[in-house]
């Protein structure tokens, strides 16, 4: 339909110029083996499904608890935090990251992120009309000294740990030392920390400038429910609570997330299973000639000497297997493969083998 | 627990100075007759509860549809819009309002709102580091000419219609004329429009600067689910889609909201019932000596010649009935009473009668 007016709307210039963040492909369910967005291949804890069904029959005509108290209590209990006032609940950790950027970074101030890493942080800076600077990981995925340099207009530093796409971790002792060096808050994005051996929750109790974000999308198999949270000192939580929407989490997701935090045995079993499959995926990819970075997350980053990453991705996609092809410009490209079930990984490995056979003959 | 550090975190100055928005009281369920936050007293459409239960057993480990396509199709169909590209789904209309402020109003630019009205708009300007200006309604709830004056730094005008706390409406023809006069977008917040005779959806098709927000919290009895949406021309929707979180609505709320839009017969019945009770509430309040503004929403604004509004509110609260006491400073104060079930309204009226008897003897 033709529009009645030529547009003369004045959006903020920062927005009209920006390129939006592009999430991984989400094809209709059932058609693909989906190993491209680091979802958990298992269904969520049974207690979560029961909690949702119960909440569906609750007073949905009433506003939810604006502070998601039941969830915050369950999270504090499960994670060994001093109390619920150390937790801020959000509509996915994306919302928490948005709140952090809005809370700390003004127009024309800066945030810092490593690269290759999670480029959403750049989009959040763009939306805010703020600047971003990238500091490249070294070849063996270490952070150079530049990453910890303070600067007057630098207002937030973000570090996914484990990182994506590499699956590598920076040890908590080093993160503490980075935070000591900086003068602005350091956000440790622990979306994948449940699959790793260490995390930074203890550091939060010692450092007001260390802020940890978590999500229920990956380890708890709840990407569809949108629930994430921040762990930080209570005065930080209180200040950020002022800028969130009053009712940012709905009654059903609060019930689901509370039940998820109370499912720690389920979590331990699923993490063990995913990490076991991950080890097998790493070994078999190496056997196929790939350079594989040892992963502490639920995905594996790999590159092949042939450099045919895009072609392998396309071949897999044509055969109903979706992995993530990522191109970081000068830095290079590669494939990020989410850890699926054993059957899904077997199918993926078989198809990679066929792709290589086809591409290298 | 004592904090290990004195705080030296640099939040954005706009935030540390601002006073957060205070939503209506949300006491634990069951203890009060709750007539203070304009919730629907009835349970949501049965199809919604079925849709949630079904979604709970769906692939919650997978990310939801980032564009909420099923909902947008159902909304376009129910509202007679040209197509789903005229609709943007959000995590409550609060999120839509946040996106609009972030989309159009930069730091140190301005937005305009009427007063007495929905003060959340002021909070959204404060969070953004923007300015806000209030234009007072006339005594008979008309908008003065000042409301339609364009100005260079004025980037957004917001008008709840029906307005809260008054329940009054500005006719669509006048809204069109206001939009013609302004040079920035005019947001018509139609949270309560399902309870009114007219709305501005048709205007959106003629004016790119008229943007209509809706919520499922009130008329669809889904405050607990957090779902709202924007109706605007497709290029406006496309631009704002760039700044929303990729997955701002979860799989369960999308299923619930889709089912709600497909429950138009349920909606018509509930609106008839609420409006019938509202008429009775207005008549009986007038009989008790109140000045009552004829309402086009699911609440009634009333003032009493005694001026004892706060005392009446306190008396009701002590007797487990919550209404909203609102004080607009120089403008004056009053009571906003949500339309509950007939039984709830009978109980409320009886208690008001007792309060008046006590306060005026």
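Cβ atoms are placed via backbone N, Cα and C, with glycine included.
A TrEMBL annotation is a machine prediction, not a hand-curated record.
What TrEMBL records for A:31-347 is domain 'Aminotransferase class I/classII large'. According to TrEMBL, the N6-(pyridoxal phosphate)lysine annotation covers A:218.
The C-beta environment of residue A:218 (N6-(pyridoxal phosphate)lysine), restricted to residues of the same chain at least 6 apart in sequence and closer than 8 Å, consists of A:38, A:39, A:40, A:191, A:192, A:194, A:195, A:298. The average pLDDT computed over the domain 'Aminotransferase class I/classII large' (A:31-347) stands at 97.
For the recorded site, residue A:218 (N6-(pyridoxal phosphate)lysine), the DSSP three-state label reads coil.
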